[in-house]
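Annotation comment: TrEMBL describes A:27-46, A:52-71, A:78-95, A:101-123, A:130-148, A:178-194, A:228-250, A:316-334 as transmembrane segment.
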Amino acid sequence: MSSLAMRPCGDFRTSYKQDNTIFETKTIRWFTALVIGLACFAPFILDAYYLTLFIQISYLGIAALGLNILVGFTGQISLGHGAFFGFGAFASAWLNTSFNIPVFICIPMAGFLTMAVGMMFGMPAARIKGLYLAIATLAAQFIIEDFFGRAEWFSGGSAGSMANPVELFGFAFDTDESFYYIALFALVFMYIWGCNLMRSRDGRAFVAVRDHYLSAEIMGVKLNKYRLLSFGISSFYAGIGGAMYAHYLGYVSAEGFTIFMSVQFLAMVIIGGLGSIKGTLMGVVFMVLLPEALEGGVGIMKDTSWGNIPMVVDGLAYIKEMAIGLVIILFLIFEPEGLAHRWQQIKNYWKFYPFSY
Amino acid sequence: MAEAAAKLEELSPVLSINNIEVVYDEVIQVLRGVSIDVPQGQIVTLLGPNGAGKSTTLKAISGLLKTENGEVTKGDISFMGQRIDSKSAEDVVRDGIFQVMEGRRIIEDMTVIENLKLGAYTRSDNEINQDIEMVFQYFPRLKERTGLAGYLSGGEQQMLAIGRAMMARPKMICLDEPSMGLSPLLVKEVFGIIEKINKEQGITMLLVEQNANYALKAADYGYIMEGGKIVLDGTKEQLLNNEDVKEFYLGGGNETRKSFKNLKSYKRRKRWL
């Protein structure tokens, strides 16, 4: 089988090792390498618009991966992820401008700072769960948002703060093309780290805490430690994502990190598939591209004869917003397990095509 | 004399529960003075009808009472000479008692091997893979099942739960109703393996069961619990031959079927402490 480097149709995994690999076959491994390799050439082919979209996907993707570790794998919930994302953004800019620490060190440092903050706000998780925890993390969202507005030494208050571009060995990554590589590297790195985390002892403990906290406890898993740790790791991811966002845009304003952003992160994770690393990215891609696609669709409609009717033109803007909501609702009804599950089903369908069961 | 002393030494209890009382929510008293001794390397079974407090006794041992708002208000539990009644569940595991919970409670979203590795959570040595092989020797059918553990049959899930307990290399395993929901043939198989593990690995077992027949056959010593108290205890032979046990737990008893009138007036021997 391995010499053929092909996957037989159907699920023919015969050993547990096969069950546990990241890349199921050689083909998938080469394909992944190929995609990453091709992605390296993207700046030469694609124009700035698509690069911007990709960079957006990467920093939101990193943050969403963190949220999936928290919500999907550990079964906690957080409505404050957007605020943690913002905290990472401000922290990195603050570390850079106040202490003159190079930006590429600031980004991981901002991650750790956010981790500390996240664990502080994750403490209620030791005691409460479900809806109550959601409300407790909602408080985190508002407290941190308020902090952004007031702490001028940290965030520049309502004026916001400037963030310098990433600089490495005297080379500034200040264009879309160059920053693209940073984004790509960070995304791949964090993605692989997330995959491996979930295959480790700690990853198993997370899933055990989610599925059967009682049996996790009698196996010696310290529940509170893992609940707190999952908040820490998820905030770490949010912090890294936020820091990337800050140094990409060059300017951070407190207004962006509202509850809406937190909910959007949750939507990404749920649409992508709770408890699936791969699905998270699919969810992010979906949530980033959906408004763009709808925007494009509206643009096309405006060019047709429909565009001459003023009511339609006005209405289209509303329809776009509503369509996003509608798509999310439809997703929850028809694909509650997320895009990752749908992807698996599509793969299965083609594997057996045309002779399905 | 020396021989008798050695025998006594061998049979000295690893786990001794001394007259404990357990109260839930500070009002519901479930255990009213329960004392159980589990000797090293033996299988001890705890029988009784629903609501007798069997599972509560196990939870008191494994430290799970706190999560259900229960509390040991009186008496003490000691394991290998150490008090464990105030320890948290995760510390009790590290001391060497592993509980296999009622209803198996395996992690459905993980593969068999991940479940087993999770069982070895408290260990940090490098022999985990060898132990997985050992578990597969006891439960060969688990080795063939790839994919998620949630797709295993009930019996296989029970086997996985027992195998997972073995992965922690415990000194003692508490089994809460391993026969629940299994077909008679599977019950036989599972109990056979439990006995085998006990003999070959020397793991002490405390077996809580409804299926008195199998439990008593597998066990060395048995306790019978009713209404939060131990009403009867004895060796396997004593219990198997006891008229009351036959009548109430094993079925049959006297060849002539008793009328319900007789059953009502029936009184059990009290065990005074």
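Backbone N, Cα and C atoms are what each Cβ position is placed from, and that goes for glycine too.
Just so you know, TrEMBL annotations are computer predictions that nobody has curated.
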For the transmembrane segment (A:228-250), I need the partner stretch with the highest count of C-beta pairs below 8 angstroms, choosing only from A:27-46, A:52-71, A:101-123, A:130-148.
A:101-123
Whether the transmembrane segment (A:78-95) meets the transmembrane segment (A:130-148): three or more C-beta pairs under 8 angstroms:
yes
Counting CB pairs under 8 Å, which listed stretch among A:27-46, A:52-71, A:130-148 touches the transmembrane segment (A:178-194) the most?
A:52-71
Chain residues in Cβ proximity to the transmembrane segment (A:130-148) (below 8 Å; excluding those fewer than six residues from its ends, i.e. six or more beyond):
76-80, 82-84, 86-87, 90, 117, 121-122, 124, 154-155, 254, 257-259, 262
